[in-house]
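Worksheet: one structure, shown below.
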Amino acid sequence: MSTAVLDAPKAATDHPERQYLTLLADILENGVQRGDRTGTGTLGVFGRQIRFDLAKGFPVLTTKKLHLRSIIIELLWFLKGDTNIAYLKDNGVRIWDEWADENGDLGPVYGKQWRSWATPDGRVIDQISALVENLKANPNSRRHIVTAWNPADVDDMALPPCHCLFQFFVADGKLSCQLYQRSADVFLGVPFNIASYALLTLMVAKVVGLEPGEFVHTFGDAHLYLNHLDQAREQLTREPFDFPTMKIADKRDLFGFEYEDFTLEGYQAHPHIKAEVSV
């Protein structure tokens with residue numbers, strides 16, 4: 001069966017989700033097979049990019065149904081600076097269970113680095129709070145960057161950060177975000193990452209008084225696990241629906257958002273496609 005979807009230029013002007021479908025097809029057609037840490041094996045490409053205009057709908061995939069609650073709860077967990085899965089489990093989210101130790105701890109993962117990066121002189125840097133303040137005080141700065149990749153802590157993390165650095169950009173009253181993802185599980189992980197960082201952009205824009213611009217997703221190692229190839233081919237047979245609209249509460253405290261503050265309107269999607277997580 002052919003896996004071709006659309007060439008990249010047409011994909012960009014047709015339905016924005018076709019960029020993701022084109023990435024699936026690209027990996028199936030051009031990916032290099034390699035062994036990996038999990039023992040499953042991957043088919044991968046290197047250096048790809050997709051982008052979404054957040055004024056034209058919320059980029060949650062429609063060619064397979066996603067569990068939006070997990071995406072929202074995980075993002076709120078990151079923003080809390082939490083690194084224990086208790087909050088996730090209390091809210092019915094199990095996506096980190098496989099990596100936690102017997103006490104539910106994950107080591108100094110995303111939340112720790114985002115909210116309390118430890119410096120050599122004993123200080124702690126809250127990157128997210130600093131980001132918000134700097135966006136308000138100096139929107140034209142080129143330093144609106146948050147990184148989760150801390151070489152001093154990587155060996156102590158249950159899973160080193162896959163989506164490891166993001167940058168915000170302000171122009172014409174709009175806030176855009178670019179994410180660099182060093183390792184991208186394109187079938188299972190990337191759909192979550194797209195929605196998560198798009199949502200973060202909407203939240204930060206609301207807090208700092210800007211309109212949402214673009215979410216740009218840049219990939220390093222973009223791969224399909226070898227046990228996801230049939231699922232990817234199945235997804236490629238599906239036509240996307242219009243993107244839904246995300247409504248969020250009018251809050252000015254980024255850390256004051258709760259799950260009930262988000263409403264996704266008009267989400268129509270094809271059925272979920274089951275695939276196993278490689279740990």
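Even glycines carry a Cβ here, placed using N, Cα and C.
Source: prediction; values computed, not measured.
Cross-referencing Asn30, Asn150, Asn193 against the dUMP binding annotation in Swiss-Prot, which names Arg37, Arg142, Arg143, Arg182, Ser183, Ala184, Asp185, His223, Leu224, Tyr225, picks out Asn193. Among the recorded positions listed here, namely His67, Cys162, Ser278, Cys162 has its C-alpha nearest to that of Arg143 (dUMP binding site). Here the binding-site residues are Arg143, His223, and the one ringed by the most other CB atoms within 10 angstroms is His223.
Counting other Cβ atoms within 10 Å of each Cβ, the binding-site residues Arg37, His67 show the lowest value at Arg37.
In the three-state DSSP classification, His223 (dUMP binding site) falls within a strand.
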